[in-house]
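**Q** Feature list, courtesy of TrEMBL:
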BINDING   8, 10, 96, 203  divalent metal cation 1 binding site
BINDING   130, 153  divalent metal cation 2 binding site
Ligand SMILES: [Zn+2]
């Protein structure tokens, strides 16, 4: 079976405290071999790192997510820098960072986003970028301050918007959104951009795939996202999953393991 990489899931969240091992077991059954778990607040980073030590398949990122804006302060940028300055195994990105028009304090959001983009650039780490109704304001900031690689998490937008990021060397996170036929614009964009720009994600426990609304999302449902993507891209499942695996490893400079059956280059 091909290996899959969930490039965005919050497996450290409390929502998984009761059955984390089972959730990982379910994920293994659909071929999920690696998970990128992004940080969301300074208060949560220690717990995240503690869990990463328990699970060899996890990779992680550190960042200040706009959803938790009331917990953040500019002082935490120094904390982030100190953490990035000490090399840590499997710390492969800066994230989850970004702008969210539905959250408070857009001025602080913007300052934190810029500072975190700069740190990602300084430490040559890809950025994991959150957006909501903010793609247009995000792009110039990424271009001016950001690293030369990263991922637009849960991409939702037009082909033109997608290509602006792809042209900057960024990848697009493809998740539950494309399982809804009403997401016409996003599905068209994902069908048309270069396949080398795509990576799979679930955003578990959020963003349920079609048919599972109202339930906690979990990484195993990535199988459904992959099925829809196979249809949209008109590629065989095998070759599409191989490509997505390699795109994900390339995004995070995560060395593909020999057992994956791929020629690494
Ligand atoms: Zn997230």
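Glycine is treated like the rest: Cβ placed from N, Cα and C.
The structure displayed is predicted, hence computed values, not measured ones.
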**Q** For residue 203 (divalent metal cation 1 binding site), name the DSSP secondary structure in the helix/strand/coil scheme.
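**A** In three-state terms, residue 203 (divalent metal cation 1 binding site) counts as coil.
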**Q** Using a 10 angstroms cut-off on Cβ to Cβ distances, just flag whichever of 96, 203 is the loneliest among these binding-site residues.
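**A** Relative to the other binding-site residues in 96, 203, 203 has the fewest Cβ atoms within 10 Å.
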**Q** What three-state class does DSSP give residue 130 (divalent metal cation 2 binding site)?
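**A** Assignment for residue 130 (divalent metal cation 2 binding site) reads strand.
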**Q** What count of other C-beta atoms do you get within 10 angstroms of the C-beta of residue 130 (divalent metal cation 2 binding site), across all chains shown?
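**A** For residue 130 (divalent metal cation 2 binding site), the count of other Cβ atoms within 10 Å is 26.
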**Q** Restricting to the same chain and to sequence separations of six or more, state which residues have a Cβ under 8 Å from that of residue 10 (divalent metal cation 1 binding site).
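**A** When sequence neighbours closer than 6 are ignored, residue 10 (divalent metal cation 1 binding site) has 37, 38, 40, 203, 204, 205, 206 within Cβ distance under 8 Å.
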**Q** To the nearest whole angstrom, what is the C-alpha distance linking residue 130 (divalent metal cation 2 binding site) and residue 8 (divalent metal cation 1 binding site)?
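**A** Counting only the Cα atoms, the answer is 11 Å.
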**Q** If one measures from the C-alpha of residue 96 (divalent metal cation 1 binding site) to the C-alpha of residue 153 (divalent metal cation 2 binding site), what distance in angstrom results, rounded to a whole number?
**A** 9
**Q** Work out the three-state DSSP category of residue 10 (divalent metal cation 1 binding site).
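**A** Note: residue 10 (divalent metal cation 1 binding site) is coil by DSSP, not helix or strand.
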**Q** Within 8 Å of the Cβ centre of 8, 10, 96, 203, which other residues of the chain have their Cβ, at the recorded divalent metal cation 1 site?
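**A** Along the chain, the qualifying residues are 9, 37, 38, 128, 130, 153, 154, 201, 204, 206.
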